[in-house]
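Undergrad: Quick one: this structure, given as structure tokens, is what I'll be asking you about.
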Amino acid sequence: MKKVTIRDFIKKKSTKEKITMLTAYDYPTAKIISNTGLDSILVGDSLGMVVLGYPNTLNVTMRDMISHTRAVARANPPQLIVADMPFLSYEIDTKSAVKNAGLLVKAGSDAIKLEGGEEMKDTVKAIVKAGIPVMGHIGLTPQRFLRLGGFRTIGKTKQEEDQLIKDSLELEDAGVFSLVIENTYVDIAKRITEKLNIPTICIGAGPYCDGQVLVINDLLGLSEFTPYFAKSYVNLKEIISNAINQYIIDVKNNKFPEKQHYKERES
């Protein structure tokens, strides 16, 4: 599989070929993904919740994102690597936003993703001007859950719906190459997808986007809580628990290690 680029994303929209994206946070997971036909890896700030055990993404730092981006990049996957910009790494001023985006690219990402709508237009323009591809993210933006009043579906009111559409158009105009739409109503996501020339990637926004993204822990059945819009394709938590319990039994009953697991001196 050849390296996926942002040009491939744009092409897939025109050919109506769905884009597939999953999160990954470490080398072994990225190595497994590298041998699949997945289009893109998102090194998401969701790692704060599913890897580091935080209640939300607000505690994730640039150091965290750089470290995990490097781990994923070391697997040398052909997938497009997109790294999330964590909370307060891009909101303060455009100069620090460009610098932090550059640090993620130096760590191995092919593009960065940031949350927010029209208020992020100047920031997006500055990062793109620096030569760094930007993926937008609207709808439920987890870094802004306090302002939104919690984790909820966005677009219930006409005002919210109009703002989502305006945000999407402003971000496209600012230069994002694609747009994540999270946890909004299916008809809104469909309207946005039809209006934009760039591909949309849905998570909890229905089947009419140009692609889908999931947190890999949800897909593998590893999450403590799986949101309604996610699908588990395997119960890896149960498989891992069973393996650990079997190991305990084998050790206690002297069934592990067996002869093939150690060396004896030759007499």
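Using N, Cα and C of the backbone, Cβ positions are placed for all residues, glycine too.
Annotation comment: Swiss-Prot describes ASP45, ASP84, GLU115 as Mg(2+) binding site. The annotation 3-methyl-2-oxobutanoate binding site is assigned in Swiss-Prot to ASP45, SER46, ASP84, LYS113 on the grounds of sequence analysis. Annotation comment: Swiss-Prot describes GLU182 as active site, proton acceptor, evidence class sequence analysis.
Burial and contacts for the listed features, if you can.
TA: Around ASP45 (Mg(2+) binding site), the same-chain residues six or more apart in sequence whose CB sits under 8 Å from its CB are THR57, VAL60, ASP64, MET65, ASP84, MET85, PRO86, PHE87, PRO142, GLN143, listed in sequence order.
Over all protein chains present, the Cβ of GLU182 (active site, proton acceptor) has 22 other Cβ atoms lying within 10 Å.
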Undergrad: Around the recorded Mg(2+) site, report the further residues of that chain (criterion: Cβ within 8 Å of the mean position of the Cβ atoms of ASP45, ASP84, GLU115; site residues excluded), sequence-ordered.
TA: GLY44, SER46, THR57, VAL60, MET85, PRO86, PHE87, LYS113, LEU114, HIS137, PRO142, GLN143
Undergrad: Mind checking which of SER46, ASP84, LYS113, GLU115 has the fewest other CB atoms within 10 A of its CB? They're the binding-site residues.
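TA: Least crowded of the binding-site residues SER46, ASP84, LYS113, GLU115, by Cβ count within 10 Å, is SER46.
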Undergrad: Could you state the whole-number distance in Å separating the C-alpha atoms of SER46 (3-methyl-2-oxobutanoate binding site) and GLU182 (active site, proton acceptor)?
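TA: Pair distance, Cα basis, whole Å: 13 Å.
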